[in-house]
Amino acid sequence: MASRYDALARIIIQNVGGTENIVTVKHCVTRLRFILRDEGKANTEVLEATEGILKIMRAGGQYQVVIGPNVGDVYDAVLDVGHLTGEGLVDADGSEPAGEGRPKGALSILIDVVSGIIQPCLGLLSAGGIIKGLLALFTFLGWMRSTDGTYQVLYAVGDGVFYFLPIALGYTSAKKFGCSEFTGMALGMALCYPAMVNSNPSALGSTAHALGTVLAGTPFAMSYSMTFLGIPIIMPASGYTATVVPIILAVWFAAHIERPLHEKIPAAISFFTVPLVTFCVGTAAMYLLIGPVASVLTNAVLLIFNTLYALPVVGGIVAGALLGGFWQVLVIFGLHWALVPLALANIGSQGFDLVLSPQFGCTFAQIAVVFALYLRSRDTKFRHIALSAMVTGLFGTTEPAIYGVTLPRKKPFVIACIAGALSGAYIGGMGIASYVSGYSGITGFACYINPSGDLSGLINMIIAVAGAMLIAFALTLVSCRTDAAQAKTRH
């Protein structure tokens, strides 16, 4: 049966050297993965210029054609057009054979996995970010109030994408790790369940009553309001909504439970027993293991920055540099919430906050890096992704920029962190304070206007942001190669 991807499939087969040059073909969540007899017969330039192909990668002895979320349909078309027998969807154990091109080290593997899992969600994240950004702009300009019904409906649409992100990532993580997609989504639902989100007694606005405290009397003390089989359930202050890493770890764990169960449980009862056991064990592990680890790390972050800020003379500079440099990393792991309640408390008690100000330049550093890559690239698809990421970034939503552009390429992400660190050091050293909260991106500049009329803080923040953008833009132009240069190095 003809498919609308047949033409693309013919181009791919022809430019990987024909069917006689294909040893095997399989696919993961975004890529066709070929093992070719002779990679020299592949025409990389033609493939990368073809509509429907994002890029070409060589890794671990594989010739990888990056398609995106519709890779499954293209894979089926390739098999049909080429009369090939494929190996299907790559699971967690076979996703990347050992070889020279495979990511080395736990951090590189984690970045590769996280980026691959989030890529199918980039369109939703961009749309949600633009909606939230426009609403923030409209309220800032006085065109709309946050109590208006129109605002609340649109905000539910925009913010809902981020709030329930673990559900979407549960689906894509399950496809990545070879687990049931519905089990992955169910784990994401459990992470976002309101009663669990609000179960931390120390969380802002929580009505939960503490039953006890783990590690009491230490900087890592964690209170809890419920137990599971007598074991305390430790929840991060913000719960797991809008987080990335916890659901990925939970689905990875569930996948390693589900596969052996399918092998050992009789088929007659596996239909309901495998999901039942996987979901129950996976959820318990998620709350009993991931929660405490996340809470300990969150408390450690808070302790480190409180200690640094207390240093005489250089405390603001050092803490600002670290916060500016690592803020996006903290966001990826959901550890930035350790500092948010402290900043809100400072504004409530003192009328201003110095803690979170150093992170303000990070967003603009990401935008500048993406803009530089946008100018250097001739890839139409990439330029579309980059343009969307820049628009959402201007309104303070950097997920599309991070997961769609800078993090998968590693060096641009590092450059953004370096620029953020330098900007943060300046902000911390100048003691720039925020006087209100809730705005980010271009509307966030209003937070640094002193109610007394003193504009020195705002002026210094503009200098810090401009510096971060110039540094990030220049470093990216100098150190990140063009598409043509990258293509040459792959031959």
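Every residue, even glycine, has its Cβ placed from backbone N, Cα and C.
Annotated features, as they stand in TrEMBL:
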- C28: active site, phosphocysteine intermediate (ACT_SITE)
- 6-88: domain 'PTS EIIB type-1' (DOMAIN)
- 112-491: domain 'PTS EIIC type-1' (DOMAIN)
- 121-141: transmembrane segment (TRANSMEM)
- 153-171: transmembrane segment (TRANSMEM)
- 178-196: transmembrane segment (TRANSMEM)
- 229-255: transmembrane segment (TRANSMEM)
- 267-290: transmembrane segment (TRANSMEM)
- 296-322: transmembrane segment (TRANSMEM)
- 329-348: transmembrane segment (TRANSMEM)
- 354-375: transmembrane segment (TRANSMEM)
- 413-437: transmembrane segment (TRANSMEM)
- 457-480: transmembrane segment (TRANSMEM)
Recorded stretch that, among 153-171, 229-255, 267-290, 296-322, 354-375, has the most CB pairs under 8 Å to the transmembrane segment (178-196): 229-255
Beyond the flanks of the transmembrane segment (153-171) by at least 6 residues, Cβ under 8 Å: 117-118, 121, 124-125, 127-132, 135, 146, 181, 184-189, 191-192, 240-244, 246-248, 250-251, 399
Long-range Cβ neighbours of the transmembrane segment (229-255) (under 8 Å; 6 or more residues past either end): 91-92, 113-114, 117-118, 162-166, 169-170, 173-174, 177-179, 183-184, 187-188, 191-192, 196-200, 202-204, 211-212, 214, 222, 278-279, 281-283, 285-288, 290-292, 294-295, 298, 332-334, 337-338, 340-341
Counts by DSSP class (helix H/G/I, strand E/B, coil) across the domain 'PTS EIIB type-1' (6-88): 33 helix, 22 strand, 28 coil
Best-contacting stretch, by C-beta pairs under 8 Å, relative to the transmembrane segment (413-437) and drawn from 267-290, 296-322, 329-348, 354-375, 457-480: 354-375
For the transmembrane segment (267-290), distant same-chain residues with Cβ under 8 A (at least six beyond the ends): 179-180, 182-183, 186-187, 190-191, 196, 228, 231, 233, 235, 246, 249-251, 253-254, 257-258, 261
